[in-house]
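**Q** According to Swiss-Prot:
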type	residues	note
BINDING	119, 123, 124, 125, 351, 352, 353	(6S)-5,6,7,8-tetrahydrofolate binding site
MOD_RES	228	N6-(pyridoxal phosphate)lysine
SITE	227	site 'Plays an important role in substrate specificity'
């Protein structure tokens, strides 16, 4: 991208951006929640739309001069509704966390009981963690995975729901590698007359392309981020049934946010448009293929995959048998140019700052053009680095850099 002005006005900051650019260019990015946006997304975010205040919603603003940003937001909403066959869409949430907060506030009262997935079993901070607003403002109880299969125990979920009769059941996850049965969860919600909310932040791209069953027909509310598998700007969005539209919109503004970020909403419109194209479906299909191959190769090297494998874009790996913690593995792999994140595993025995596992995903490397052969090489690099962690790994680092050079991030930037 062109940084001519920044070069003249703030070379100190530009130097930091350039260092991060180099890190992204020459590292294999395996953090499951990260991706690389298109140049079109970045251009939209860097546009003069950032100058415009637009409190309210299209055609009902609290400021003048909003006729063109109204068009932008309308475009984003219509594309998002089309992408997921939804009745109503709100594209103003600044993040997935704020999207979740708005849904809770739209129909619940402080202190109401909500059933959500345990964070250490693959849930998310905003699904009831005691250190998060969700756990502080609401009475969250949790469900998790079966100890043997390491997949969601729907019977136990139902039992907990019947015993506690929560006002809402939240599903969706940040570290769960299997298909989620939204129909089953809907049936449980109906049995206890509870709202159903799905946080599909991680799997939105899979849902959009039919590679994971859609929660939209079943859920009252669906939240997502726009920067993971959707490959857009950092931000959030909410889909809901038409009957909840006013309550959701009111919860976002004036409930928890003021002015929307119109430059980000423009970038969301771009990414929704990209996700409606056929080449995006091919991309997501390759993500799933890559993840399966990477998982099988790692299993061949003796890594234990939580639940035995994957149905989506990510893998959760128990490193106990490799005699290394998630924290140490993250640091080690980072030193050779592979970026992962430490992650708790179900029935974790270590601190969340240490962890027994790591979480990896293929959306970012697939965006670069990596395919099955590269997945085999990544598995080799990971295994070799961990098995030979006391040795000099400069050769591995160099090989990783060479692969990255073959698949440059932005060829025409």
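Each residue, glycine too, has its Cβ placed from N, Cα and C.
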**Q** Of all the binding-site residues given, 119, 125, which has the fewest Cβ neighbours within 10 Å once its own Cβ is left out?
**A** 125
**Q** With the cut-off set at 10 Å between Cβ atoms, which of these binding-site residues ends up with the most neighbours? Options: 123, 352.
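**A** Per the Cβ count within 10 Å, the most buried is 123.
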**Q** Test of understanding: give the count of other CB atoms lying within 10 angstroms of the CB of residue 227 (site 'Plays an important role in substrate specificity').
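**A** Summing over all protein chains shown, residue 227 (site 'Plays an important role in substrate specificity') has 25 other Cβ atoms within 10 Å.
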**Q** Please report the distance from the Cα of residue 227 (site 'Plays an important role in substrate specificity') to the Cα of residue 124 ((6S)-5,6,7,8-tetrahydrofolate binding site), rounded to the nearest angstrom.
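**A** Between the Cα atoms of residue 227 (site 'Plays an important role in substrate specificity') and residue 124 ((6S)-5,6,7,8-tetrahydrofolate binding site), the distance comes to 16 Å.
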**Q** Quick one: Cα separation, residue 352 ((6S)-5,6,7,8-tetrahydrofolate binding site) versus residue 228 (N6-(pyridoxal phosphate)lysine), in Å?
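**A** Per the Cα atoms, residue 352 ((6S)-5,6,7,8-tetrahydrofolate binding site) and residue 228 (N6-(pyridoxal phosphate)lysine) stand 22 Å apart.
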**Q** Is it possible to get the count of other C-beta atoms within 10 angstroms of the C-beta of the residue listed as 'N6-(pyridoxal phosphate)lysine'?
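**A** There are 27 of them.
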**Q** Just to be sure I understand the packing, how many Cβ atoms besides its own are within 10 Å of the Cβ of residue 351 ((6S)-5,6,7,8-tetrahydrofolate binding site)?
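**A** Summing over all protein chains shown, residue 351 ((6S)-5,6,7,8-tetrahydrofolate binding site) has 10 other Cβ atoms within 10 Å.
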**Q** Provide, as an integer number of angstrom, the distance between the C-alpha atoms of residue 123 ((6S)-5,6,7,8-tetrahydrofolate binding site) and residue 228 (N6-(pyridoxal phosphate)lysine).
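**A** With the alpha carbons as reference points, the distance is 16 Å.
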**Q** Restricting the comparison to the binding-site residues 119, 125, 351, 353, which residue's C-alpha is spatially nearest the C-alpha of the residue listed as 'N6-(pyridoxal phosphate)lysine'?
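**A** When the Cα distances are compared, 125 comes out closest.
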**Q** Counting across all protein chains shown, how many other Cβ atoms sit within 10 Å of the Cβ of residue 124 ((6S)-5,6,7,8-tetrahydrofolate binding site)?
**A** 23
**Q** What is the number of other Cβ atoms found within 10 Å of the Cβ of residue 353 ((6S)-5,6,7,8-tetrahydrofolate binding site)?
**A** 9
